[in-house]
Structures are given as structure tokens and as C-alpha cells.
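Presented below is the structure to which this report refers.
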Amino acid sequence: MRNQPCLKTIVMVLLRTKKRTSAGNDFSQVEQQKAPKRKLKEFDDEISSGSEDGDLPPPVKDLPDSSDEDETAQEKKMRLTKKYLEQLQTVHAKDDSDNEKDVVGDILKEDVLEKAGRLQRKIADLCVQPSEDNITRLRGHKLSVTCLAVSASKGVLFTASKDCSINKWCLNTHKKLFTVKGTKPKPNQKAHSAHVLSLALTTDFKFLASAGKDKIILVWNPDTMEYVHTFRGHRNTISGVAFRLNSTQLFSSSHDRTVKVWDVGIMSYVETLYGHQESVEACDSLTRERCVSCGGRDRSARIWKIVEESQLVYHGHTGSIDCIRYINEEYMISGSDDGSICIWSIMKKKPIVIIRDAHKDEKKNNWISSVAALPNSDLLATGSSNGLIRLWKCSDKFLQLLPLFDISACGFVNDLRFTDKGNHLIAAIGQEHKLGRWWSIKSARNSTMIIPLKQNI
């Protein structure tokens with residue numbers, strides 16, 4: 001009978017604890033009802049990179065589908081694998097080559113090599129020099145064409161100019177589809193008020209980003225060319241923008257010596273990357289969460305590892321590095337105003353290939369104003385201030401760079417882009433260099449060149 005008081009005591013304590021807990025829950029529910037709801041900022045609000053975390057809206061998360069709630073991790077993997085194999089079978093069905101060829105196996109092998117950064121498709125030997133009659137020139141800008149973005153799958157081309165405008169073209173008919181005209185500087189401007197220097201497209205064709213001397217990044221709907229959003233934060237000219245492949249992550253380089261990271265999926269600023277000692281002239285990105293940039297007069301190229309929060313620094317040019325592009329995840333190409341082009345491996349701080357005076361003519365050495373690389377292939381292109389476009393072939397393991405042929409383009413070659421499969425090379429041509437007015441080529445035409453690269457297949 002001595003245990004009875006103990007049991008009564010325990011029961012009383014439990015009852016008191018239950019009452020206090022229920023009362024606390026009721027109190028918290030009343031507080032939640034009384035707490036005012038925080039209003040999210042509208043989608044078109046401008047976000048400054050210098051704003052505090054408390055001023056930013058919370059990230060918007062997609063609600064899960066009801067079909068995915070009961071799906072286990074193993075079932076999801078199985079579903080995604082089946083979907084991927086169906087896509088491969090579709091590609092295999094469309095292939096008209098030898099039936100004994102293992103197309104699915106080749107695609108899987110290419111995917112593995114691409115993710116490892118070691119894929120090098122042999123495209124250069126399939127290209128031949130086009131005749132002058134086969135080159136198309138699009139004219140729609142009043143001043144020098146400075147940059148371009150292309151989507152061959154959608155059949156459209158975007159060009160921008162020093163006249164502050166952006167043009168949308170049809171690649172098949174070569175007709176102008178839409179024009180976004182420039183505007184005067186104002187607080188809530190929805191167009192550019194100064195030279196547009198860079199364009200970038202997302203892989204899924206949902207967003208087009210443009211930037212330039214007015215220090216802002218404008219986001220557009222590439223289908224309708226409607227204004228979507230404005231990013232502010234850079235303190236000087238924005239020289240380049242680049243989207244990470246299959247992502248909404250956006251990188252921007254500026255003459256304020258910084259590289260900034262944005263996310264157009266939630267329309268927010270992410271972070272600022274510091275390290276360059278001079279104006280950052282260009283940036284580029286591929287699949288990995290990394291960005292490569294060139295620092296102009298500080299003569300350095302840098303790879304920014306976002307996840308690791310670190311950077312790799314490379315030196316090799318003797319002049320200002322004005323342009324840079326990824327070849328694949330392991331190699332990149334850069335051009336300088338000293339007339340040289342360099343091939344870099346991310347594993348070495350010095351270039352593995354240097355070609356001095358890459359565009360030298362009888363009169364003088366010409367600076368390299370633009371470079372282009374067909375991703376995961378051996379095909380490269382460079383443009384210079386003397387209006388010459390030169391195509392190059394990379395040897396195995398990128399140990400040698402061999403010239404293929406030249407294409408004459410009267411004027412400054414301000415930008416170069418390959419279409420997805422390398423069927424065409426697009427060039428932005430102007431009377432002046434996109435970054436200044438050191439001299440003008442009066443005989444040049446402000447135009448966009450569409451150069452077919454006929455393949456010997």
C-alpha cells in the first residue's frame with residue numbers, strides 16, 4: 001500500500017503538465033492569429049545587391065505534386081531512369097545511320113565525358129570555308145552591334161547595339177521580329193538608356209538577360225520580348241552576363257571589379273565575388289556551379305567555385321584580357337589586346353597553349369576582340385579589330401591549336417557565337433569597338449553576319 005501515494009502523485013503531475021501544454025498551445029495559436037502577415041514584394045520590384053537580408057522576400061518554394069508525395073526515393077529514381085531511356089530511344093529511332101551502331105551507348109558515354117569535362121566532339125574537320133554569297137548580313141541597328149544571343153532550337157537570334165536597342169530575328173527567314181527601343185534614364189525604366197554590351201539566354205528559353213553601361217540588368221521574356229524584372233547593384237558598366245546551363249543562376253561581370261550572382265527563378269540577388277584588381281571584361285559559365293571571368297588590365301583569369309567559396313587565378317597574357325569562353329568544364333580560351341590567344345586547363349595556372357600575334361597582318365598586330373567555342377568540341381573561333389574572323393581546330397588533349405580558315409568581316413568583331421550544333425557562326429560587327437571609340441572604321445557596316453559552316457557529312 002506504500003506505492004499508492006506515489007502513483008497518485010505521478011498522475012497529478014501528468015495532469016498538470018497536460019493542462020499547461022494545452023494552455024501554451026492555445027496561447028501560441030492566439031499569438032499567430034494576432035501576428036500581422038508579411039506582404040511579399042511584387043514580382044517586378046527592383047532588388048539591390050546591397051540590401052539587407054531582412055529586406056528580401058523569402059524564397060518561393062514550389063508545392064509538391066500529389067503524385068510525388070507517396071513516391072519513395074527509389075521509385076523516383078526508377079521513374080526518371082525510364083524517362084531518360086525513352087528519350088534515348090527516341091533519338092535512336094530518328095537515327096538513319098547503320099543499325100548496328102550503338103547510339104544509346106554512345107550518348108551515355110558522351111554524357112559521362114561531358115559531366116567529367118573531358119568530352120571533345122570532332123567537329124572542326126567537318127567544316128569548310130563558306131563562299132561570300134552564302135554569308136547573310138542583317139542590318140537593323142543604327143550604331144555598332146555589340147553582342148548577341150542565339151537559340152537554334154527556337155530558330156531565333158537576339159542582337160544588341162550601342163543605340164540601346166535589342167532586336168529579335170528569325171534565323172530561317174532572316175527577318176526582324178521585334179525591336180526593344182532604348183529610353184532616357186529614369187527611376188523605373190523598362191529599357192536600356194545606354195550601350196547594351198551583353199546578352200544571355202537560359203537553356204529552357206524562359207528568360208533573356210541584357211546589360212550594359214547603364215549599370216542595370218534587364219530580364220525579358222524571349223518569346224514576347226516583354227519586360228520582366230530589373231536587377232540593380234553594380235556601381236559601374238556591366239560588361240558581361242552569362243547563365244549557368246540548365247539553371248536560372250545568372251552571373252554578371254562589371255567594371256566595378258566584381259562578379260555578382262543572381263537567381264532569376266526567384267528574382268533575387270545572391271552574392272558578390274571579389275578578387276579582380278581592375279575592370280572585369282567578360283564572364284562565362286557551363287553546367288557546373290562555377291563562373292570564369294577575365295580582369296582586363298589586371299591580366300588575370302579567375303574561376304569562381306560557388307559551392308566551395310574559393311577561386312582559382314591564372315596568368316599568362318601580357319596585355320588586357322578582354323574576352324574569355326569555356327571550351328568544356330576543364331578547358332577555356334581567352335583573347336587579349338596584345339594580339340595573343342591562350343588555351344587554359346583549370347589544373348594549371350599558366351596557359352598550355354599560347355599563340356602570339358594570332359591575327360597579325362602586314363601593317364600591325366591586331367588585338368583579339370572576341371572569342372567563341374562550340375562547347376565540348378574541338379572547334380573555336382576568334383575575331384579581331386581588323387575585321388578578321390579565324391576558325392581554329394584543337395588537337396587531342398588541347399595541346400595544339402591549328403588554324404582552319406579565315407572569313408573577312410569589315411569592321412570590329414565585337415562578339416561571336418556558335419549555334420548549338422555548330423552549323424552556323426554568328427558575328428556582331430561594328431564600326432567601333434564595343435567598349436570605346438578609340439578609332440572608327442568608316443567603311444564598315446553595323447551588321448550581324450550569319451556564317452554557314454557546311455559540314456562534310
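Yeah, the Cβs are placed from backbone N, Cα and C, and that goes for glycine too.
What TrEMBL lists as region 'Disordered' is 21-77.
The compositional bias 'Polar residues' feature in TrEMBL is assigned to 22-32.
Taken from TrEMBL, the feature compositional bias 'Acidic residues' covers 43-55.
As annotated by TrEMBL, repeat 'WD' applies to 138-179 (among others). Here the repeat 'WD' (138-179) returns a mean pLDDT of 96 for the predicted model.
For 189-230 (among others), the entry in TrEMBL reads repeat 'WD'.
What TrEMBL lists as repeat 'WD' is 231-272 (among others).
Positions annotated as repeat 'WD' by TrEMBL: 314-354 (among others). Cβ atoms under 8 Å from those of the repeat 'WD' (314-354) belong to residues 114-120, 281-288, 292-297, 299-303, 360, 365-373, 375-377, 380, 382, 384, 394, 398-401, 435 of the same chain, restricted to positions at least 6 beyond its ends.
Within the chain, the repeat 'WD' (361-393) has long-range Cβ neighbours (under 8 A, six or more residues past its boundaries) at 113-114, 119-125, 127, 286, 319, 322-328, 332-341, 401-418, 422, 425, 427-429, 433-434, 441, 444, 451, 453. Sequence annotations record features per position, and here TrEMBL assigns repeat 'WD' to 361-393 (among others).
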### Message
I'd like the per-state residue tally for the repeat 'WD' (314-354) from DSSP, helix first, then strand, then coil.
### Response
0 helix, 21 strand, 20 coil
### Task
Using a Cβ-Cβ cut-off of under 8 Å, list the residues of the same chain that are 6+ residues beyond the ends of the repeat 'WD' (189-230) and lie near it.
43-44, 46, 146-151, 153-154, 156, 158-162, 164-166, 168, 178, 180-183, 236-243, 245-248, 250, 252, 254, 262, 264, 267, 434-435
### Message
For a three-state summary based on DSSP, what are the helix, strand and coil counts in the repeat 'WD' (189-230)?
### Response
0 helix, 22 strand, 20 coil
